[in-house]
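Visitor: Before we start, here is the structure in question, set down as structure tokens.
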């Protein structure tokens, strides 16, 4: 029997990089709500006492960047200088300019269907039947832990919690099947007046046990709860944060490859985002159709060109039909041109701020998680 361990991590909405992602996507959503055809590339930097919002935007919309930023930080929970960051007193600097006309001429077309890709690049999508949401288990449960931390912080169950937190889960596999959880790391920012023993008990009983399936925990499972012993200074005071620095947390926790392009702050004409969503949609439908147990899709683009420069499929030996057949089915059932995938997934609307914490995939409220093509794929594959 082949045994191996696999680890994925996640971070909470109060992590500095995630604050930046959420501000960038809040700006994107506010612009798309007024102007669905806007071109947006919004980057954010956060550090003690300040937020810098920059990037390139071409739009007819007007949004109050400062108020939007403060509202986002407030909703995350940084509302007092004791935390090292305060939504009402931090400085907000706006350095947004216009998109280069050189890019515009390569992307825009008289016929919208021939819209070119906003940049070159390669994107991956992945799905696996090891969970019911067709996502890898390690990242799924890493997200669930920090999501639970946020819930019990906000509802007052554990009032000493603060917004910044990180999780990490190591799963044990035999012959690529989960046999248990080997290790759990959960570090959470907290107020200075909570004793370490009380914190460990609260996290174990209120966050870890309700989230992780008991059948995967055993006497050998290792728990690391705030292993440094103290985590009072966190958020932007502890570390500066930048948009796009949590691309593995945002996707598959390292279980699949990544093309390198971040998502947050980018409108759907940016294939870094829209094609990665479409690739997840394709991979998930292939697995939902029973054509493979695991599936990774790669697509690539040239700037200003509508058709993908390549489409490839990898099923890791789990495919029920050949990968050549799968590629043919992908081309037949999915329009992966920039305009086509925006239309296919209805992406030109304000749905992005919710993606910017706890993962972009495995959450059924998003259109790229639908499995509406599975039956047709299965039928055309002859299964």
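Placed from the backbone N, Cα and C atoms, the Cβ positions cover glycine too.
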Visitor: If I go by Swiss-Prot, which of 4, 15 binds ATP at the same site as 164, 165, 166, 230, 231, 239, 245, 246, 262, 266?
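Guide: The one candidate that Swiss-Prot places in that ATP site: 15.
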Visitor: Region 'Flexible loop' per Swiss-Prot sits at which of 88-98, 99-109, 110-120?
Guide: 99-109
Visitor: Sort the binding-site residues 17, 43, 270 by C-alpha distance from residue 246 (ATP binding site) and give me just the closest.
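Guide: Answer for the nearest of the binding-site residues: 17.
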Visitor: Within 10 Å of residue 56 (L-methionine binding site) (Cα-Cα), which of the binding-site residues 15, 17, 43, 230?
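Guide: Those near residue 56 (L-methionine binding site) - Cα within 10 Å - are 43, in sequence order.
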Visitor: Going by Cα-Cα distance, which of the binding-site residues (17, 43, 270) sits nearest to residue 239 (ATP binding site)?
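Guide: Nearest in space to residue 239 (ATP binding site), counting only the binding-site residues, is 17.
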Visitor: Checking your reading of the structure: which of the binding-site residues 17, 43, 270 lie inside a 10 Å Cα sphere centred on residue 230 (ATP binding site)?
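Guide: So the list is empty; none.
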Visitor: Based on DSSP, name the secondary structure state of residue 266 (ATP binding site): helix, strand or coil.
Guide: strand
Visitor: Going by Cα-Cα distance, pick out whichever of the binding-site residues 15, 17, 165, 266, 270 is nearest to residue 43 (K(+) binding site).
Guide: 266
